[in-house]
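According to TrEMBL, the protein carries these features:
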- 16-40: transmembrane segment (TRANSMEM)
- 27-252: domain 'G-protein coupled receptors family 1 profile' (DOMAIN)
- 52-74: transmembrane segment (TRANSMEM)
- 94-112: transmembrane segment (TRANSMEM)
- 132-152: transmembrane segment (TRANSMEM)
- 183-208: transmembrane segment (TRANSMEM)
- 239-263: transmembrane segment (TRANSMEM)
- 269-291: transmembrane segment (TRANSMEM)
Amino acid sequence: MSTNNILLNFIAIRNAFFSEVSIGITANAFLLLFHVLWFFLKHRPRPTDLAIGHLALIHLVMLITVGVIAADILENPQLWEDITCKAVNYLYQVMRGLSLGTTCLLSVLQAITLSPRSSCLAKFKHTASHHIICGFLFLWLFNFFISARFFISTTATTNRTSNSLMFVTKSCSLRPLSYLPWYTFYVTAIFRDVSLLGLMAISSGYMVTLLCRHKRRSQHLYSTSLSPRASPEHRATQTILLLMSVFVLLYLLDCMVFSFSGMWWKIDPGHLCLLMLVGNGYATIGPLVLISSENRMIQLFKSIWEKESKCLLVQE
């Protein structure tokens, strides 16, 4: 491949990445603003609303952080100090772990919401709002611990010729840990990912079963032409299932790209940019899926507009 083609491919990937980050930051900020306004102006939110707002906040911080990391990779700024390298890379890894955990929690909460009264999950419906804060706290503490290896091993790059360092950005590198700490963190991270993905698959399968059962019952009670519209709970469940599908697809794609990339990312910013493009796709696509199916947004902003119009009339 010629130098010009390599340069054009790099520019295309870089532009696609920064476009993805820009769209993701805007979408997550809008989604977070909606849930904050809904909380203060309407009524007590549902447990899934809290989880979605929490997920939007995580993705917002995550995309801002990866934008900062990308700027250090692609541009030529002043080199970071050691504490800056540790803080930025540690924060990004914590946000990635929280994204996985909160998505799994959202799936479980929706399964509880959809469960029938005869189900063993029904007893958690009224207490889910109280337990979700504890769930958030556990996820934060657990991911602070899991990602500690990045805080320990990240260091400012002082010697670019060292073979013992794995370069992350122009300013930062990862130094290898000894066997026991590395093995402990690695096994714990694998356990976290497998456990949460398994729980996500179980809750998603449970929701699909309930939706299929409801559809069969509706076909017995109503003719095909007069079938009722899906309830808000069922529409929300379909959205969550779509979100789970997007997450799993992009998670597997991220693993594949990282596996096939080998060690390119050490020396080639283009390949690292491609990894970040795929790895942060869920943080951009996820909020767009949630926004496109959120009918309450029109209701909320319409009520805000009516209040503002009344205030202006009173002042006149």
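The chain as shown is numbered from 1 upward.
The backbone N, Cα and C atoms fix where each Cβ goes, glycine too.
Caution: TrEMBL annotation is automatic and unverified by curators.
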(message) Need a quick answer: max count of Cβ pairs under 8 Å to the transmembrane segment (183-208), which of 94-112, 132-152, 269-291 is it?
(response) 94-112
(message) Looking at the domain 'G-protein coupled receptors family 1 profile' (27-252) alone, can you tell me the average pLDDT?
(response) 82
